2 protein chains.
Amino acid sequence: MALVNEHFLKLPGSYLFSDIAKKVNAFKVTHPGKNLIRLGIGDVTRPLPPVCIEAMHRAVDEMANAKTFRGYGPEQGYDFLIEAIIKHDFASRGISLSPSEIFISDGAKSDTGNIGELLRWDNSMGITDPVYPVYVDSNIMCGRSGTLDENGKWSNVTYLPCTEENNFIPELPKHRVDLIYLCYPNNPTGTTLTHEQLKKWVDYALSNDTLIIFDAAYEAFIQEPNVPHSIYEIRGAKKVAIEIRSFSKTAGFTGVRCGYTVIPKEVTAASLDGQRIPLNPLWNRRQCTKFNGTSYITQRGAEAIYTPDGQKQIKETINYYMENARIMREGLKKAGFSVYGGINAPYIWLKVPEGMTSWKFFDQLLYEVNIVSTPGVGFGPSGEGYLRLTAFGQREECQEAMQRLQNWI
Amino acid sequence: MALVNEHFLKLPGSYLFSDIAKKVNAFKVTHPGKNLIRLGIGDVTRPLPPVCIEAMHRAVDEMANAKTFRGYGPEQGYDFLIEAIIKHDFASRGISLSPSEIFISDGAKSDTGNIGELLRWDNSMGITDPVYPVYVDSNIMCGRSGTLDENGKWSNVTYLPCTEENNFIPELPKHRVDLIYLCYPNNPTGTTLTHEQLKKWVDYALSNDTLIIFDAAYEAFIQEPNVPHSIYEIRGAKKVAIEIRSFSKTAGFTGVRCGYTVIPKEVTAASLDGQRIPLNPLWNRRQCTKFNGTSYITQRGAEAIYTPDGQKQIKETINYYMENARIMREGLKKAGFSVYGGINAPYIWLKVPEGMTSWKFFDQLLYEVNIVSTPGVGFGPSGEGYLRLTAFGQREECQEAMQRLQNWI
């Protein structure tokens, strides 16, 4: 008989956002007349930039004609997109990358989930806490996380708490770990690391031979100077870091699906006999075997983001969301809350009232002011006592939500 | 230090089709004036059906407007597409499936490559030989294939030869295996199983508690009656089989990326303590964690295939390719070759002249008649002595290729 991968059976029954969806549906059934404002899931609401629409229409037309039709594309992505990425996202910041170091994908979630395949199942890992659930869940699936203890922590995972007490800046692990996930600007706390703070991590990785998976999905929201846009702005990072990017939030691609992963040629892991194995060709082999490239139409849409008009258009949308964030930060402060994030990220991290749990306050917001949020504990043990709100909503709804909260308090 | 997944190091250096591409490029550099005819890689050449083009234009326009914009879709795919699939591909053949048994993906290659994650790494596996390389390669990556011996066979893989001697109908394994991959209509041999022949496999799986991964990517090319379109046409298959489908060849989606996987609720694998674990919720959890849905635009394109116009349009294209196959079969026979397949599949499997190897004859075709093929041994040890040609080319090129072969012989 076929035996099941027993690690899957250790997983919590459902994904955080499905639990929230169930609660919201139950509320809607029992309160049909109520006008819900959704500030929970991190999905965008503004339409795609016009340049992307035009580029995708052109690409669709190419597919209608045998002369311009495109079949299988390169599993690694088309050169036209890779070259635009290198030029705009890296060369402009003094980072030199070659085309074969970039892998276009159908989104950062796929890459974040699959990248662990390159490593042995028994590497130790570290995560900042709270964190995007995919980092831990994808590692549970291959047995790397170990077993779950009664405090909701996995035995082979080192948790690096990010709380009000340390201003959401994680401390370096006390013992070494093989693998660490960092996400900056951070989901869910909305906080960032300065150049100096990120340098500590790269230095840690260099001296401990640790591999960093750097998730930069929210890079486009950075407003302040001295916040690195790429980990490769830090000297030495090319030896120890894989960087994952996404067009989902940058340009509204959550439903179109495109992202990319950077694996510099210098990044290696060790074999059991101590050889250094470059990870770039291994990821290439993985993608060539288990992936068949991203839709041509999508890649043409993504390419358009890098035109001067595209850059202007995405900036407008990002400004729209960041103005939402400003309104929410001020509204929440006025209502008496302690708020974090929302300056270089579309997420606002809110302290729940003393003595309450995340889920309790989530329920209260849902039932008393009809606002959907995300309970912080869903992102990890140190998220308990916090709540995430996103700035991706409609302006009027953000304003209305703040009004409701101020009246309610 | 991070340790690499040592199984990746066992992989052959490159994917079959990259090796071919290198040889072809070398030829082009040394023979710049020659007109190459490509009958090697299984990529389509006809444009997308007009209904798909129209549907995708409409979907792109929806993304341009905040009122109709779509962000994250369901990881499992949109209901509109799932319902069309159930109605046309299954209910019409008397197969009853529920929407939660269908998972839309970005293509059959992704699903075929990833499905093994649900099972323990040490399950034994069987494959028909020759076979689509992804089945073996994806299992090498997680250690399931074991080690490679000097005959090019993996220690934990049971090879079921399909050759002229057994009319390309694999025998049942002599000992039981936990997991078996079947692809019908077959890539690369182009042959099929009848209802009675496939029933033997389902019965084998039922009595041996074996899980079948049934790859039906070429289902749309079936012309003859008594060739099952779905494994679920066989009684009992819902307990033992996962079926994977693709729109790549059916509707020219190789560059657009869409397919789907069926996991009936009854399909289970065992846990070490003997419990039966349904695989459907496990795959759902996998997809929700490591995948974020297929492009909305792509899914609207795929939905259009199922309209009456869509069905008419894909039939025309399939007829075009199958007429290519007929021309090629007849031309090859006239040139004195033994040919198989090409009746219910877009692939023709050709016996190479006595005493030659697949690669030798591949080179000869490339250099002497300037035709690109795929050497059979690239698909497995029993593919030695054969060559695969595909019917996806332009009509004139297929005719010209046959003329060249007849003149050459």
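From the backbone N, Cα and C atoms, a Cβ is placed for every residue, glycine too.
TrEMBL: automatically predicted annotations, no manual curation.
So that you can see what the record holds, here are the features copied from TrEMBL:
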- B:Y15, B:G42, B:K109, B:Y132, B:N187, B:N292, B:R388: substrate binding site (BINDING)
- B:35-405: domain 'Aminotransferase class I/classII large' (DOMAIN)
- B:Y72, B:A108, B:K109, B:Y132, B:N187, B:Y218, B:S246, B:F247, B:S248, B:R257, B:N292: pyridoxal 5'-phosphate binding site (BINDING)
- B:K249: N6-(pyridoxal phosphate)lysine (MOD_RES)
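If you measure from the Cα atom of B:Y72 (pyridoxal 5'-phosphate binding site) to that of B:Y15 (substrate binding site), you get 33 Å. In the three-state DSSP assignment, the secondary structure recorded for B:R388 (substrate binding site) is strand. Over the domain 'Aminotransferase class I/classII large' (B:35-405), the average per-residue pLDDT in this prediction is 97. Using a 10 angstroms CA-CA radius around B:S246 (pyridoxal 5'-phosphate binding site), none of the binding-site residues in B:Y15, B:G42, B:Y132, B:N292, B:R388 qualify.
Ranking the binding-site residues B:N187, B:S246, B:N292 by the number of CB atoms within 10 A of their own CB puts B:S246 at the top.
In sequence order, the binding-site residues from B:Y72, B:K109, B:Y132, B:N187, B:N292 that place a Cβ under 8 angstroms from a chain A Cβ are B:Y72, B:K109, B:N292.
Applying an 8 A CB threshold to same-chain residues 6+ apart, the list for B:Y132 (substrate binding site) reads B:T112, B:C183, B:N187, B:P188, B:D215, B:F379.
Taking B:G42, B:K109, B:R388 as the binding-site residues under consideration, the smallest Cα distance to B:K249 (N6-(pyridoxal phosphate)lysine) is found for B:G42.
Looking at B:K109 (substrate binding site) and B:S248 (pyridoxal 5'-phosphate binding site), their Cα atoms lie 10 Å from each other. Rounded to a whole number, the distance between the Cα atoms of B:G42 (substrate binding site) and B:S248 (pyridoxal 5'-phosphate binding site) is 10 Å. Over all protein chains present, the Cβ of B:K249 (N6-(pyridoxal phosphate)lysine) has 26 other Cβ atoms lying within 10 Å. Reduced to three states, the DSSP call for B:S246 (pyridoxal 5'-phosphate binding site) is strand. Remark: B:G42 (substrate binding site) has B:N187, B:K249, B:P346, B:Y347, B:T390, B:F392 as non-local neighbours, by Cβ distance under 8 Å and separation of at least 6 in sequence.
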